[in-house]
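Engineer: OK, TrEMBL features for this one:
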- A:40-188: domain 'Casparian strip membrane protein' (DOMAIN)
- A:1-21: region 'Disordered' (REGION)
- A:47-67: transmembrane segment (TRANSMEM)
- A:87-113: transmembrane segment (TRANSMEM)
- A:125-152: transmembrane segment (TRANSMEM)
- A:178-200: transmembrane segment (TRANSMEM)
Protein chains: 2
Amino acid sequence: MEKSEATTIEIGETSRESKGKTPLLAEVEQTARTAGSYRRGVAIFDLILRVSAATSALAATITMGTTEQTLPFFTQFFQFQASYDDLPAFTFFVIALSIVTGYLVLSVPFSVVCIAQPLAAVPRLLLIVCDTLTVTLATAAASSSAAIVYLAHNGNADANWLAICQQFGDFCQRVSGAVVASFVAVALLIFMVALSALALRKR
Amino acid sequence: MEKSEATTIEIGETSRESKGKTPLLAEVEQTARTAGSYRRGVAIFDLILRVSAATSALAATITMGTTEQTLPFFTQFFQFQASYDDLPAFTFFVIALSIVTGYLVLSVPFSVVCIAQPLAAVPRLLLIVCDTLTVTLATAAASSSAAIVYLAHNGNADANWLAICQQFGDFCQRVSGAVVASFVAVALLIFMVALSALALRKR
């Protein structure tokens, strides 16, 4: 907050001073001020998107991590039970989406710095590179789980893999919900990267 | 080539002219020139990475698309045969990697424009946004196929899905190779996005 005030005062001073300066310098300052307010708008939108993406990644993690279904019948030897850690792809999903959620929460302060100091390039550059890595991680988790969910729903006659969703219907529905939530997070992340690139542009 | 020469001549002229100008204007020009040569270096590296990524995406597409294995024994009713279109994830892989290869080849002219005119922001911005979308598409294809390849290699006892790689060993090896090639393309693409972000930075 204090940093934000300092920036405002500084802008006010340069505005007053610019009258006595060469036209070129005044023009450069004018451009910087316009770029600043434009980038601040982008940074605020980035923060909103970041919080939304963190929320949907958290929802996906929790939904997948708590999914468990026990069938009401059992044989002499074992009870039929399905949970996310039966399938390696779903375990990867939970781990990857936890990392994504953690990163998004930890990156909020950097996003706030971008709002306070809209012309600073280093935090924005850091965010765009880390966001790209996060997009890839989230996409990998979402799509590998989607492949397995598809298999669980439809099976595959050629490989002789049977659909398990007839038995574990509730399990499949919750897992599908988690995958959808993770794809929403991916879409928000892609939008964030595009927005950061726009904000980095030299105007 | 002609465009590149024109730029060089222009820089030469401004260098001669700058002696008669105000110190501020000369400084601005100096900064622009330094930024220009830095960005040209980045753009050349970007072109090399783009061609490498296109090559490995093409290799992945061809490897996956031509994979087919017929077992040497057959029953009265059918012959055992495996090809990529038996599994929907592999079909998606071939389609997605074809699109990625096509995009990478078509984006080479834009990358050349970035070398010829290193200070132009619009082609670079276009590249960074499209590259991000391409990273996501390539990652989705690579990781969904990786999930299925893992299942083909190891099976899953909980879902009662048997490993098919004991029978279709050759098929599995070629498919795994295609998945590895696609992950190489993904890594190169991530590096390209990070590099483009560095080049966009206001210096």
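Yeah, the Cβs are placed from backbone N, Cα and C, and that goes for glycine too.
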Engineer: In the same chain, who gets a Cβ under 8 Å from the transmembrane segment (A:125-152) while lying at least 6 residues past its ends?
Structural biologist: 46, 57, 64, 87, 89-90, 92-93, 96-97, 99-100, 103-104, 107, 110-111, 114, 161, 163-165, 168, 172, 175-176, 178-179, 182-183, 185-186, 189-190, 192-193, 196-197, 200
Engineer: Quick test of the contact rule: Cβ under 8 Å, at least six residues beyond the ends. What residues does that give for the transmembrane segment (A:87-113)?
Structural biologist: 43, 46-47, 50-51, 53-54, 57-58, 60-61, 64-65, 120, 123, 126-127, 130-131, 134, 137-138, 140-142, 144-145, 147-148, 175, 178-179, 182, 185
Engineer: Per DSSP, how many helix, strand and coil residues does the domain 'Casparian strip membrane protein' (A:40-188) have?
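Structural biologist: When I sort the residues of the domain 'Casparian strip membrane protein' (A:40-188) into the three classes, I find 111 helix, 14 strand, 24 coil.
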